[in-house]
Amino acid sequence: EDPSLERHFKGHRDAITSVDFSLNKKQLASGSMDSCLMIWSMRPQMRAYRFLGHKDAVMCVQFSPSGHLVASGSRDKTVRLWVPSVKGESTVFKAHTATVRSVHFSSDGQSLVTASDDKTVKVWTVHRQKFLFSLSQHINWVRCARFSPDGRLIVSASDDKTVKLWDKTSRECIHSFCEHGGFVNHVDFHPSGTCIAAAGTDNTVKVWDVRMNRLLQHYQGNAVVNSLSFHPSGNYLVSASNDSTLKILDLLEGRLLYTLHGHQGPATCVAFSRAGDLFASGGSDEQVMVWKTNFDAADYGDVLKTQKSGASVDRTHHTLQSEMDCGVHVKKTKTQDASRNQEQQEEEKTLTNTLEHIMGQLDVLTQTVSILEQRLTLTEDKLKECLENQQKIIQNKMS
């Protein structure tokens, strides 16, 4: 059946700029031009949290992989890290000298990459909350930056009409894709890490292979494309456009599957949940919508499994097309050969959950410590001020 509208969140007072699901799908974060970050509960009747802190429009939001932190970037030139709980406490990162348009965690949750109108891409450590380095070869605003799934590459998209691929270790630009007729609004890595998709003001979505640096697929729309998101299976891509539509592309077939109408006015942002069964969209109509994917679940469920269980497909000589075929091919043989022990899988799952939980707790601890450090600094400053005032008073009396 077709994708269907599941939930509908109202509460922002200006255009939505960004949406992201937490790992467990219990929460959805949204950023807006109203300077607020909101966390919506996916459970019915649960209240939403409105987080205040940014002094200007919130341009981007993202949950950390563990789901215990949320990063946001703003027109106030800062990046904030929030603990998505009742208190809504946050710490501030300052290094950009203009609007921050994009924030993205590496898949291990250790690094953060940000993109800004100051023409730079910056990389930070999450736990030490330290600025590490800048990538500065773009000659116009940088709208978006993303880590590759393995964290070794960074891709960035800019108003200089290029998409640049960077090596995180050497900090060098490996390649520039310059085939865009307009600004590049958004870019992201395919879950396999072998290709990227970019959305442009020239009404296109382009998919490039990052190993051969060649164009694989090109979709021509009839409106500016603002945002895109890959389905975790890697078989689908959803995009959000200025003509108010969301479009779902079938990458295996290389064709448009669905056009969804829900927003009044431009659809500004879109994101699949980490499991792929839902996606969220935001628009300049101040609304956040959650959609049920309703793809053939068997299809992508199995592909996901084979990808996770390390199905060894030789990926080096395939384009996107044949790589997908491999995924599906493995799926079939996998079903026949279901010799893998159920208990073993359960144990692995429990272990993974425990590890994820520990990582999450670490995130929160680090964040709490840095909030306390900030408070301490404030207290020290106040104390210094008091002492200085006291000195002045004493000097005045003596004179």
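From the backbone N, Cα and C atoms, a Cβ is placed for every residue, glycine too.
No curator has checked TrEMBL annotations; they are predicted automatically.
Residues or ranges marked as repeat 'WD' by TrEMBL: 9-50, 51-82, 93-134, 135-176, 177-218, 225-259, 260-292.
Spatially, the repeat 'WD' (177-218) is not adjacent to the repeat 'WD' (93-134); fewer than three Cβ-Cβ distances between them are under 8 Å for residues at least 6 apart in sequence. A Cβ distance under 8 Å defines the sequence-distant neighbours of the repeat 'WD' (260-292), meaning residues of its chain 6+ beyond its ends; these are 3-10, 12-21, 23, 25, 28, 30, 32, 38, 40, 42, 224, 226-233, 238-248, 300, 304. Counting same-chain residues at least six beyond the ends of the repeat 'WD' (93-134), those with a Cβ under 8 angstroms from any Cβ of the stretch are 59-66, 69, 71-75, 77-81, 140-147, 149-151, 154, 156-158, 166, 168, 171, 359, 362-363, 366, 370.
DSSP states for the repeat 'WD' (93-134), grouped as helix (H, G, I), strand (E, B) and coil, give 0 helix, 24 strand, 18 coil.
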